Amino acid sequence: MFSILKKIFGTANDRTIKKLFSDIAKINSLEPAIQKLSDEELKNKTVEFKKKLKNGATLDDIAYEAFAVVREASRRVYGMRHFDVQLIGGLVLHRGMITEMRTGEGKTLVATLPAYLNALAEKGVYVVTVNDYLVSRDSASMGKIYNFLGLSVGCIVAGMTDEAKREAYNSDITYATNNELGFDYLRDNMKYSLQERVLRPFNFAIIDEVDSILIDEARTPLVISGPVNDNSELYGKVDKLVRMLNVSDFEKDEKLKTINLTESGISHVESLLSQADIIKPNSGLYDFENLSLVHYVNQALRAHNMFMIDVDYLVRDGKVMIIDEFTGRVMEGRRYSEGLHQALEAKENVKIQNENQTLASITFQNYFRNYPKLSGMTGTAMTEAPELKDIYNLDVVAVPTHNKVTRRDLDDEIYGSKKEKYDAILKLIKDCYDRGQPVLVGTVSIEKSEEISNVLNKNKIPHKVLNAKFHEQEAFIIAQAGRFKAVTIATNMAGRGTDIMLGGNPEMLIEQIDRKSLTNAAYKEKVNEIKAQTAEEKKQVIAAGGLFVIGTERHESRRIDNQLRGRSGRQGDPGNTKFFLSLDDDLMRIFASERISGVLRTLGLKDGEAIHHPMISRSLEKAQQKVEGHNYEIRKNLLRFDDVMNDQRKIIYEQRTEIIKSKDSYDFLSSTTEELAKKIVLTFMPAGSYREDWDIENLSVELHRTFAIKLDQNLISKNDVTEEEVTKIVIQTADSIYKSKEEAYSPDLMHNAVKYILLTTLDQVWKDHLHSLDHLRQGISLRAYAQKDPLSEYKREAFNLFEHMLNNLKELFIQTVYHFHIDLKHIQKEDISLENKKLQNNMHESREDPAFSKYNAGSNLETDLRPVISRINPEDRDPKNPTSWGKVSRNELCPCGSGKKYKYCHGLNE
């Protein structure tokens with residue numbers, strides 16, 4: 001019934017496209033007049049549009065004419081005129097939606113339309129893509145259109161200085177990777193002045209390969225971290241012990257990706273730890289003093305049994321490098337958290353890097369939800385439309401192709417074993433190679449790529465391998481995968497963003513010419529030769545059937561399979577796609593094996609035979625839908641928890657910005673001093689209590705620790721003194737201490753010093769708070785066993801932790817302000833710069849680049865007081881006299897000598 005109604009009325013997408021075509025007619029009606037304009041008149045349209053916007057017009061009011069102008073500029077600059085379907089894609093993007101356009105339909109050119117239009121508002125437009133190569137390529141090629149129309153273009157890649165980034169971000173249109181944008185956002189919120197920040201306020205972002213960024217990478221947080229204690233030796237010891245465990249010592253669930261020790265496994269581990277003198281004889285792994293070891297054992301277990309080399313990670317230059325499960329690319333600089341990366345380093349016997357503590361983090365989900373207007377482009381989004389709508393409030397519109405798709409998607413072939421499957425793949429590749437038809441073989445991992453490569457090598461079939469190990473040649477290899485007799489093996493969607501042109505990509509081949517060694521005439525001759533060669537090969541390839549895409553197994557997501565299929569048949573080209581499966585494939589084995597095995601047994605499948613059966617296809621699709629649903633729930637659940645931290649992050653970042661903007665820090669200091677003075681006095685002199693109940697000794701200690709005040713004992717000895725009078729005197733005394741500092745150092749210097757102390761203290765308590773939230777998050781799921789909702793419990797406790805953090809901030813801030821002194825002799829720019837460099841070397845994000853340090857704040861005397869603010873040295877502390885300790889970090893060992901952390905000893909009640 002539903003299918004009949006769809007045929008009569010069309011789908012919602014069909015109706016949307018129909019409406020958009022009426023908009024396109026209006027743009028097309030403007031084309032004749034726009035074409036008559038001179039180059040100068042066309043450029044002046046930009047000035048005209050900006051004036052209209054300043055006079056009250058909206059972007060929608062000028063959208064049709066602006067699109068017509070960009071189309072004409074593109075025709076004049078590049079000789080490329082936007083097709084009507086590309087104009088539809090541009091309108092979809094401008095209206096804050098996601099446009100699904102097939103591979104080869106010119107998404108890069110489509111982005112110029114909404115980017116130009118929205119840049120006219122002079123608030124900045126970010127075009128976001130997945131790697132530095134695409135950023136450089138697209139900004140250079142499309143930048144010529146923008147420049148022709150009088151707009152500036154910026155390009156953000158890894159390794160740029162803050163000055164260069166600031167200039168690029170302040171361009172009208174900026175091309176950047178999602179990683180750089182996210183990290184720059186975190187770094188900006190760790191700077192000490194607004195002038196040091198590089199990003200503009202959030203406005204409009206167009207995300208290329210939007211499904212990759214908002215879906216595939218949604219669970220991957222961007223993290224800036226700093227080093228903590230070195231436990232590399234312990235990781236090595238535990239790794240050796242875990243290698244001795246038996247299969248019966250642990251249980252693993254591949255569906256849920258979990259692993260746990262069995263009862264016998266716990267006993268075995270305890271025995272091994274005892275023999276290695278890591279724990280005391282007869283003590284247990286879960287005894288209080290050994291609890292920290294559980295973390296090391298669990299991570300070593302995961303490293304050895306849940307993570308495979310050349311599938312989940314690879315080892316290059318003595319480093320463990322993560323492989324993106326969706327693209328097959330190396331995730332440069334990324335490290336697994338919670339000690340897992342160290343466990344993998346121990347497993348692979350490479351140098352174990354120090355663990356790091358999170359200083360700032362954000363997920364792409366929450367970063368991109370900051371934009372008032374967001375849109376995206378991809379070749380495959382309809383299967384994820386519900387998630388994109390639910391989480392990001394983004395509708396998906398599937399744009400029709402300019403040319404009819406002639407590609408043939410052949411039925412899957414299922415075999416009993418991997419060997420039989422590889423034999424069938426080899427036979428097909430041989431057939432294609434013999435007739436000259438190019439083949440692209442898609443695999444799910446580096447390991448599978450190399451298995452296929454070995455099979456082809458044994459059969460002497462020339463081929464190229466494209467995976468994370470050869471990332472540098474990625475774009476060139478994939479661009480030439482459509483040449484005559486080409487055989488290319490690629491991990492998943494490696495090379496995404498680069499079209500495969502039948503016959504080869506002449507522009508990229510021309511770039512390989514050594515221009516310096518040739519005369520102009522010889523160079524032109526070489527160029528013409530390449531163009532003629534690729535044109536001839538294109539004819540041969542079309543005659544052979546176009547690009548044949550072979551999938552070696554189904555991915556967990558139908559969308560990834562569709563992306564692989566989309567490599568063939570661009571712009572109406574011929575082509576074929578086919579998937580080869582076996583019962584050994586991960587998806588079949590974990591999610592669909594029992595049902596399908598039963599069908600195969602019923603049908604009596606013999607060795608070497610393939611089977612095509614509708615029931616198997618349905619089972620596979622159900623398995624994929626099951627996994628997609630499971631992954632969606634994980635991302636949705638992650639977002640629910642991350643929203644708690646995100647709300648707190650927004651508060652902290654907004655407060656931080658307000659502190660930086662503030663012209664006078666005295667008001668906050670004064671109000672906080674008054675609040676703490678009342679709190680301390682009432683703690684030791686409770687309102688309405690008898691005099692003999694007052695704890696004057698500890699009141700004196702606390703006032704000295706907090707405000708550097710020595711309490712006048714004569715005052716307390718008065719019979720009629722009240723807690724209000726003591727509070728008033730404390731506030732007045734503290735204020736006089738501050739005023740004396742102002743007289744000694746100048747009000748301006750004190751203002752900047754107080755502002756700096758407040759910012760650094762805020763950074764410190766926020767860092768500790770993130771650590772506390774991490775620990776809370778790890779164990780919160782256990783509350784379900786007590787019939788409590790983990791999310792509600794997490795929200796409640798996270799709020800309590802946040803309140804505690806704010807109280808801690810006030811106390812540490814006040815203590816530091818009243819105890820510090822400034823050595824005026826050392827206020828030198830050179831000292832500040834040197835100190836910055838030292839501090840930078842101890843900071844890194846997932847790229848481990850010290851230039852991204854939160855201390856990379858320049859050498860401005862108004863904000864840089866780091867080297868001249870003195871604190872009490874640990875050596876000068878008297879263990880028996882807490883008043884001599886000054887400010888003590890909560891995670892530092894208590895100065896009293898107990899061996900406990902300060903927060904569990906003298907700092908317990910803080």
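Count begins at 1; order follows the chain as displayed.
Just so it is clear, glycine is given a Cβ too, placed from its N, Cα and C backbone atoms.
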Binding-site annotation, Swiss-Prot, ATP: partner of GLN86, GLY104, GLU105, GLY106, LYS107, THR108 in ASP431, ASP434, ASP499: ASP499
Cβ-Cβ distance under 8 Å to ASP499 (ATP binding site), same chain, at least six residues away: THR103, GLY104, ALA479, ASN505, ARG570
Among the ATP-binding set GLN86, GLY104, GLU105, GLY106, LYS107, THR108, ASP499, as the record gives it, the longest Cα-Cα distance in Å: 17
Residue, out of the binding-site residues CYS894, CYS896, CYS905, whose Cβ gathers the largest set of other Cβ atoms within 10 Å: CYS894
Entry from the binding-site residues list GLN86, THR108 having the most other CB atoms no farther than 10 A: GLN86
Close in space, distant in sequence - GLU105 (ATP binding site), Cβ under 8 Å, 6 or more apart: VAL85, GLN86, GLY89, VAL399, THR401, HIS402, ARG570, GLN571
Chain-internal residues near GLY106 (ATP binding site), provided their CB is under 8 angstroms and they sit 6+ positions away: MET80, HIS82, PHE83, GLN86
Lowest local Cβ density among LYS107, HIS906, which the record lists as binding-site residues, within 10 Å: HIS906
Neighbour tally for GLY104 (ATP binding site), based on other Cβ positions within 10 Å of its Cβ: 21
Check: same-chain CB within 8 A of ATP site center, minus GLN86, GLY104, GLU105, GLY106, LYS107, THR108, ASP499: MET101, THR103, LEU109, VAL110
